[in-house]
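This report concerns only the one structure given below.
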Amino acid sequence: METTTTERRRLFATEKVGGRAVYRLQAATVAAGILLVLYYRATRVPAAGEGRAAWLGMAAAELWFAVYWVITQSVRWCPVRRRTFKNRLAERYKENLPGVDVFVCTADPHAEPPSLVISTILSVMAYNYPSEKISVYLSDDGGSILTFYALWEASMFAKKWLPFCRRYNIEPRSPAAYFSESEGHHNLCSPKEWSFIKNLYEEMRERIDSAVMSGKIPEEIKLKHKGFDEWNSEMTSKNHQPIVQVLIDGKSQNAVDDDGNVLPTLVYMAREKSPQYHHNFKAGALNALIRVSALISDSPVILNVDCDMYSNNSDSIRDALCFFLDEEMSHKIGFVQYPQNYNNMTKNNIYGNSLNVINHVEMRGLDSAGGCLYIGTGCFHRREILCGKKFSKDYKEDWGRGIKERGHENIDEIEEKAKSLATCTYELRTQWGNEIGVKYGCPVEDVITGLAIHCRGWESVYMEPQRAAFVGVAPATLAQTILQHKRWSEGNFTIFLSKHNTFLFGHGKISLQLQMGYCIYGLWAANSLPTIYYVMIPALGLVKGTPLFPEIMSPWATPFIYVFCVKTLYSLYEALLSGDTLKGWWNGQRMWMVKRITSYLYGFIDTIRKLLGLSKMSFEITAKVSDGDEAKRYEQEILEFGSSSPEFVIIATVALLNFVCLVAGLSKIMAGVWNVFLPQVILCGLIVITNIPIYEAMFVRKDKGRIPLPVTLASIGFVMLAFLLPIV
């Protein structure tokens, strides 16, 4: 009876993912195969001058792959999934729920169109949650009057949009996504009302897009809000004063929608920028938001989302609160992380951007180890913990406190005070960015901040509801994909090589399993060198007559074949289980290689350069838009090149090298030495088959997205140079 009572009290349940017995059997046999491969390499080293250097290089690469494989198993051993009971939350707390401050970050009105940003803003304003308890803050690091204008338009449209969402309980509550998904369908409301709201939205979007195209705001619009007076002709995105404007004051009697319900508070912030001070990128913006929001609303829960990551599930706040307010476990939980999902994925995931295996397999495994990663968007934090509070068994959060009382200050006075919290000099000689708030000094400020929270004793929870909580825009070109993964791999590798290395910083603070889990991503960049070696040297060995694998009829070929086949089949199983298609998995294998020889390689090089003081940290925004032709090719699942990027030269060189070497290898097999070189021919052939779209882009396609002739010529030159390598 006691157990039943306890179970009834719980606001969430934790369930183990099934199929572990089969997985562990597979892992054990693969581990045995890997040990046999390493033993073979160690005991069959050729004499000097007989391909010894190439053999030792292969052994080193395989040793690295073995170590990395062991690390990746840490998140597959015992994954869990979470289930919440929102009905119990409603029964227990009714309207006595904590306030929530929502942070949305943008930086460039051209890379991140304001019309996209405000759809995200409107979606988080429309949560199935008391509006008076929601405060939404937009950080505009570009300090653009265009973004402010778009937010002002959104504040007007919200008066009609929020009642519409509540009245018909629609999903999603991003107007752009809703009208795109429900085109021509309006079963929940009358066609007249549906068309009316849709027309209002489209007219607003056209006004915003027109202003962005012209770069100007109509003078009559500027007269409608005092905030437009903050801008002058001398301001730039890198040099401007702090701006804080409250567009909707949730405490004002006038802040109501068309149904008379209270509107959420809506605030625009552009922190001060000056060439004399480092602004610390997104981390600096988030810390400024923490301070400004503490003055205006000071809610105990903070949600941060990227500007393109709209709310797709209006119950996400309530799901997160099931963890924060659970009587038995809430005192341990520092943040609740939702997965990243995208609404612009092609059917077969042409660029491997779906993150399905990471979302459905790896993050669940990290959750079981005591903490999934903080990934910088779709994450609910407890304010005090984000601000540096250490874990204590006796600590109890005061969830009952409401939105901060204002006293006798009017909104203009609040705005002026808030500006002083968003200056360049406020953080000087303070612990902001170190012990307080989001951490500085790393391109992936989110991961290192989450690691610090875990090392202070807090756990985190990974919540994957049936309806995706947040949906965003994935890179739609190869260049954007490479850039995004270069930034991720560089940032995580920077952490690995810093004092925050999880094995050092996390020793005695977090479990070994979680330390290894962090290293899966921390070592992405380090995977580049052994991968490049493995996709080039065996191919060159075919041309130069250097065998690098056991003969195909030898018993020692068995562990090589077994490890390769079982690992490949299990990766296919994970991909299909996570929602990928067979072709999507195959595309993922291609992108696995492409990212390792480009994104991860550049991330590795740039990290080493920074450590040597040869370069400084930078942050490049992944564009959220692409032109019409690029978008069409993306929908047709055609790889996008189109420029003479050095990364494309690497891709073309590897593809062309393996093609030429395969032809040479086949001639050797026809000459009667198939038993010796067949393993290398098979490896080379698989790389060639994987790269068929690359050959098409080099020699067949005529569209603007093909590989340019200079890239093809450069790759031919590098292939010729590769044949001069003495290593084999």
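Note that Cβ sites are derived from N, Cα and C of the backbone, with glycine treated the same way.
Here is what Swiss-Prot says about this protein:
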TRANSMEM  21-43  transmembrane segment
TRANSMEM  53-73  transmembrane segment
ACT_SITE  Asp141  active site
ACT_SITE  Asp446  active site
TRANSMEM  523-543  transmembrane segment
TRANSMEM  546-566  transmembrane segment
TRANSMEM  646-666  transmembrane segment
TRANSMEM  669-689  transmembrane segment
TRANSMEM  707-727  transmembrane segment
Top Cβ-contact partner of the transmembrane segment (21-43) among 53-73, 523-543, 546-566, 646-666, 669-689 (pairs under 8 Å):
546-566
Below 8 angstroms Cβ to Cβ, which residues of this chain, lying six or more residues outside the transmembrane segment (646-666), approach it?
478-479, 482, 532, 535-536, 539-540, 542-543, 593-594, 597-599, 601-602, 677, 680-681, 684-685, 687-688, 691, 694-695, 698, 707, 711-712, 714-716, 718-719, 722
Measure from the Cβ of Asp446 (active site) and count the other Cβ atoms within 10 Å, all protein chains considered.
23
What is the separation, in Å, between the Cα atoms of Asp141 (active site) and Asp446 (active site)?
17
Six or more residues beyond either end and a Cβ under 8 Å away: which residues meet both conditions relative to the transmembrane segment (669-689)?
535, 538-539, 541-542, 547-553, 557, 560, 593, 654-655, 658-659, 661-662
